[in-house]
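Data block below; observations after.
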Amino acid sequence: MDNRNHGRCSLPRLAVGAAVLLLAVFLAATPAASHAGHDDTGLHSNYLVIVRKPYAYDTNLYKNVSSWHASLVASVCDMAKEALERDPSSVSRLIYSYRNVVNGFAARLTPEEVEEMSKNDWFIRADPEKTYQLQTTHTPQLLGLMGGARRGGVWNTSNMGEGIIIGILDDGIYAGHPSFDGAGMKPPPAKWSGRCDFNKTVCNNKLIGARSYFESAKWKWKGLRDPVLPINEGQHGTHTSSTAAGSFVPGANVSGYAVGTAGGMAPRAHIAFYQVCYVEKGCDRDDILAAVDDALEDGVDILSLSLGDEQAGDFSDDPVSLGGYSAAMHGVLVSAAGGNTGPGPSTVVNEAPWVITVGAGTTDRRFVATVKLGSGVSLDGESLSEPKDFGAEMRPLVHDVGDGMCTTESVLRAMNVTGKILICDAGGDVSTAKAKLVLRSGAAGMIVIAPQVYGSVIVPRPHVLPTVQAPYAIGQKIKAYIRSTPSPTANFIFKGTVFKTKSPVAAPFSSRGPNRRSRGILKPDIIGPGVNILAGVPKIEDLALGAEEVMPKFDIKSGTSMAAPHISGVAALIKNAHPTWSPAAIKSALMTTADYTDNLRKPITDVDGAPATYYAIGAGYVNARKAIDPGLVYNLSSLDYIPYLCGLGYKDQKVNSIIHPGPAVECAKMPKLEQKDLNYPSITAVLDKEPYEVSINRSATNVGAAISTYAVEVDVPATLAVEVNPAKLEFRALNEVLNYTVTVKTASGKAPASTIEGQLKWVSGKKYVVRSPILVCAGTGGKSAASVGAAPA
């Protein structure tokens, strides 16, 4: 196993590495019945107001929690008070009244009103408005979903997710897309109580719900239509929804590439869509909370959120963490994108242990195009821009003499690039816009060199002229060739879609650990397909079409936003096969069966070719075929996270704001749980004080064969000593729970000089291998393991 220096668990605040941001997706309440109108003064802002718990409203005075919240706003706001006196049903500047995700409301207030509000005994805090961002055919076969029972196809075992409802929070949906055709779908289960804001002919048994949340956003964004329909303004929401649960669509392709039958991970699952994001405006926190609030009451089984915020504070003020905990209380698993600001350390988002945090990896499909140089050397890149006839003749090859990035048309014209192949470095405009400029300048073709940080990974786009996108190392070879000869030439050879290439590789943009909010919990949890994913879109952005060409209905996108709905769909399949399993059990099944080797049976690598660390891949790459029958799971109820939160050092008010609407707790009156002892599928040990030894407790639940024996196998470097007691787990019944202890210490008796990685496996015969990654790291120079990652007071 790898014990290279990946940094300590307790990293100082580090700058994000030279990462390139990609479009990727990160991500119930009573909306106010009326508003006093848009505020043009700039004095008012949106606030999330958390009220004291268990502060209860008088049901004799207030008919519901919304009217009580309205009275609290009115108590400090003269205009709201007057409106309430005129009409008791008015909610004035109250935006949302939350029922599940937080004990509080969103309102339009001035700083002075917030100050006045803070003097009341029911007031805990008021958080200013915050905006979050989206994180942005072949994968069902790649993940082992296809095939009959004999071949172990998961679709056969799980009936393709039939009857499971996946809630998607995103930027809108193109309801008329063929991926959302309801033909052959059964009606949603009787528990479904959501609604469709489209007309009755648009929603069907596939797309069963579609709602928009804009009450908070419309105060800030003039021109936002009112009422809002959840129409896809961009591509993101349609792409993520069709990835998770799209119906089968034959002949799907993008520019003739990746031709095949498209289908989501759970093609018979239902989709409930909640629009919380708007193009160029982002995703408002209060709208996100309202959507989760409603989704839980609507009856969703899985929530897929491809949105997040790298600057979020602790778990008590992050909508994904707050909504995720409420979801866990309702038995709903939340699959959340881990972020697209890698490969720098400590960039992962959505780190709460009650959600599954998803990173991105590559698939085994590439769109190969070769650059043939005049020297006879052939170098491979990728392309989605194959012309009908590019010809075999060699063309002059030149490099932009301006900024190198082909961003100045006058420079290119002065170079006389007509009929030549032009090399462009990364940077400046996106490559599709750059291609239009290059075409206007007269070039015959373009080579775009990817950033060095991307390594071997290419994210191709369709361009308006023949284009090959090349890895950085390949680009340097092409430039060296240009310098070596006075008349360099080149040509393109387009080879189309190629399968069974080396995969997975950790995506360069995928955000990395350590977990900033709770360093004793490894994040991301898992990686899934997130590079060059083909799925449904309303149209392809920046695509130039001929007079008789039809706009494609599918496009290729990359990001942890694409990886998260893969995990959401696979989770829906597991939920169908095991309807009584908790969110933690489903998450455990996904993590303990994940692949840590690639399709060449070598350790999964990062973009630099070195083995990827656990901070990049978590437990590994999702393996749906194994996850449907994991043998053992590490189970947790929502209540099990409370002593963990107390152990982080959170004050009672913060703990109670997270666990709403559960009963109020006092941490001083209950045992605290160290992070290492949370019954998590991965194991993180912080060795920060002598004798540099720690014991870690776990409880395994048998969900495989009723009578079964599991023997432990430990694989760690020589610098580490790990003992497991007992060494065998002998089960005599299904759902039986057995405990074990893992003792971890350094072989030298000294603090680890760097992060150490290993693994623990429980093996039963040839069928079950239940694997947990082991991550061992040093602390912060004297802080205890319990205090590492503790919340601010």
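Yeah, the Cβs are placed from backbone N, Cα and C, and that goes for glycine too.
TrEMBL labels come from automatic prediction, so no person has curated them.
Under the heading active site, charge relay system, TrEMBL lists ASP170, HIS236, SER561. What TrEMBL records for 64-135 is domain 'Inhibitor I9'. Annotated domain 'Peptidase S8/S53' per TrEMBL: 161-598, in sequence order. What TrEMBL lists as domain 'PA' is 396-478. As annotated by TrEMBL, domain 'Subtilisin-like protease fibronectin type-III' applies to 677-776. As annotated by TrEMBL, signal peptide applies to 1-36.
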| Residue counts (helix, strand, coil, in that order) that DSSP gives for the domain 'PA' (396-478) | 27 helix, 18 strand, 38 coil
| Neighbouring C-beta atoms (10 Å sphere around the C-beta of ASP170 (active site, charge relay system)) | 31
| If one measures from the C-alpha of HIS236 (active site, charge relay system) to the C-alpha of SER561 (active site, charge relay system), what distance in angstrom results, rounded to a whole number? | 8
| said: Counting across all protein chains present, how many other Cβ atoms fall within 10 Å of the Cβ of HIS236 (active site, charge relay system)? | reply: 29
| note | Expressed in Å to no decimal places, the gap between the Cα atoms of ASP170 (active site, charge relay system) and SER561 (active site, charge relay system) is 10
| field | Counts by DSSP class (helix H/G/I, strand E/B, coil) across the domain 'Subtilisin-like protease fibronectin type-III' (677-776) | value | 1 helix, 60 strand, 39 coil
| request: Note down the number of other Cβ atoms within 10 Å of the Cβ of SER561 (active site, charge relay system), including every protein chain shown. | output: 37
| Local confidence of the domain 'Inhibitor I9' (64-135) - pLDDT mean | 76
